Amino acid sequence: ELKSLGKPKRPRTAVNIFMTEHFEEAKGKTAVAKMKALMDIWMNLYAAQKQAYLQLAEDDRIRYKVEMKTWEEQMIKMGREDLVRKKSTGEKRSREQNKGTKSLELSPLKQSVRVYVRRRRCVSALPAARCFGSSSDGPPKRPKTSYMHFAEQQWPLALRQFPAASREQYNAEMERYRAQLTPAQSAALKEEKREKLAKRKATRKKRELRNLGKPKRPRTALIIFITENYAETKGATMIAKAKTLMDAWKKLSEAEKQVYLQQAEDDKVRYRNEMKAWEEHMTEIGREDLIRRTVSKVKKTASPKRGKKKSRVKTIRTKGSVNPAGSKELDTTAANKATRKSRKAEE
């Protein structure tokens, strides 16, 4: 019905515009393979390369707003107000007023914590007045996860089911639980917590590098062979297919492997060039912390030294000479002193 009434199409995103333009020339046997390849290319684009598609998406969004406004006015004239979007401006205004009064009722500690969190979330693109000002028009809030939405819905039910539950009671029970733990159990819990934090930190780092468009590592010849022949390989599970492909790789001759070895070498060259351009881009935007630390091996060159060279302390073995420790080793420093004294006496 909406299509017959001429409702405007929703605006396209930047990635949708990019995929539409390059779908025909993308490599892939199926539509899913083409979309996956285009998505990988999109993730590796720089911000400057994405800017053209972002501008097209913004223009399409403005087009959608204008067309929707005209279409809704036409629907009102036709008596189809049921198709017009519900704009609850009164409810929104009352919600904002309640939010303002609620923020005034917060304790000074909670207000300071809220300001600190808002400053931490502030991005560098925003002006300093919005980052560190006391006004409410700060940076946008992070999107809520599915669990956060679920917790907000179930929280009133949990309070009614457990009216005596409180933070103080929880802290007291946690203290009793920790007191009954042995040192080994406490150490195991701390180690588990440390591993979880390290894993979370690594995941965030990986996500950040992916969002910044860091090039993917070069593939080996074996990985290229498995990727090309995985779909047509027989096997019930992924492990069975990988094992079959490994056996097939071992049976290949050197001439047959040379094709994949050359592709792997080309991928290495691609990775070096892309990493060089990416690191230059990171330097331009002030992210030198993401650049690889290359330690250059400096060769030590022999430089002329003033004065006499110090003789190294060496040990020699002589027959019949035994040191106090019982070994047949003598310090050559004493032998050198004796030689110098004998030369002076001869002179």
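In case you wondered, yes, glycine gets a Cβ from its N, Cα and C as well.
TrEMBL entries are annotated by machine, without manual review.
Under DSSP, residues within the domain 'HMG box' (8-72) fall into helix, strand and coil as 49 helix, 0 strand, 16 coil. As annotated by TrEMBL, domain 'HMG box' applies to 8-72 (among others).
Here TrEMBL flags 8-72 (among others) as DNA-binding region.
The region 'Disordered' annotation in TrEMBL covers 82-105 (among others).
Helix, strand and coil counts under DSSP for the region 'Disordered' (187-213) come to 25 helix, 0 strand, 2 coil. Positions annotated as region 'Disordered' by TrEMBL: 187-213 (among others).
When Cβ-Cβ distances below 8 Å are used as the criterion, the compositional bias 'Basic residues' (196-213) is approached by residues 43-47, 278, 282, 287, 290 of the same chain, each at least six residues removed from its ends. What TrEMBL lists as compositional bias 'Basic residues' is 196-213 (among others).
Annotation comment: TrEMBL describes 215-279 (among others) as domain 'HMG box'. Mapped onto DSSP classes, the domain 'HMG box' (215-279) shows 49 helix, 0 strand, 16 coil.
The DNA-binding region feature in TrEMBL is assigned to 215-279 (among others).
According to TrEMBL, the region 'Disordered' annotation covers 296-347 (among others).
Residues or ranges marked as compositional bias 'Basic residues' by TrEMBL: 296-317 (among others).
What TrEMBL lists as compositional bias 'Basic residues' is 338-347 (among others).
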The DNA-binding region (8-72) [mean pLDDT, rounded to integer]: 84
